[in-house]
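Features of the protein shown, as given by TrEMBL:
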| type | residues | note |
| --- | --- | --- |
| BINDING | Cys91, His133, His137 | Fe cation binding site |
| ACT_SITE | Glu134 | active site |
Amino acid sequence: MAMLNILHYPDSRLRRIAEPVATIDKSIQKLAEDMLDTMYEAPGVGLAAPQVNVTKQIIVIDITEDKSNPLIFINPEIIDRQGSAENEEGCLSIPNIFETVTRAEEITVRYLNQYGKSQELHAKNLLATCIQHEIDHLSGKLFIDYLSKLKVSRIRKKIEKQHSRAI
Ligand SMILES: [Zn+2]
């Protein structure tokens, strides 16, 4: 079990664009497992490779409370979106901040699993929200990008305060 270091906003490395994975080998499988361990330890329900300073298109998700359904998505692509839903979101890279974001209510995602097999998954509710949030990380997008400038500046101030308290 290996824990990876999670980058925190406003670290500019969170804004880098992730590359598709060309070959799924042992190192990719190990990375995905380490990402799951890191996500469970945090604890969180999703983690994208750019959050652990790896610019590859890999995300991991488990929305169950007993860690019983770890999902690994490599080179994920949303191929269908339906409806819209508001949900409160947080992010392991933006600790202690929770805000409402509007996203598609249901999605279909196409991806490779950890063995390189092409899969499609239809997701709704929390899982759909989580997949969309994590896929955004692959293009350097954060959930606070959906908020108003005023809200973002309040969040930045709150984060600066948290940092000064930690020192
Ligand atoms: Zn996030």
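Just so you know, the numbers here start at 1 and follow the chain as drawn.
Placed from the backbone N, Cα and C atoms, the Cβ positions cover glycine too.
Sequence features annotated in TrEMBL and their locations in the structure.
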residue : record                 : Cβ within 10 Å
Cys91   : Fe cation binding site : 25
His133  : Fe cation binding site : 23
Glu134  : active site            : 24
His137  : Fe cation binding site : 24
**Study point:** Length of the line joining the Cα atoms of Cys91 (Fe cation binding site) and the residue listed as 'active site', in Å
**Key:** 9
Point to revise | Near-site residues: Fe cation, ref Cys91, His133, His137, CB cutoff 8 A to centroid | key: Gly46, Ala48, Gln51, Glu89, Leu92, Ser93, Glu134, Asp136, Leu142, Phe143
Study note, to complete from the structure: Reduced DSSP state (H/G/I helix, E/B strand, rest coil) at His133 (Fe cation binding site) is helix
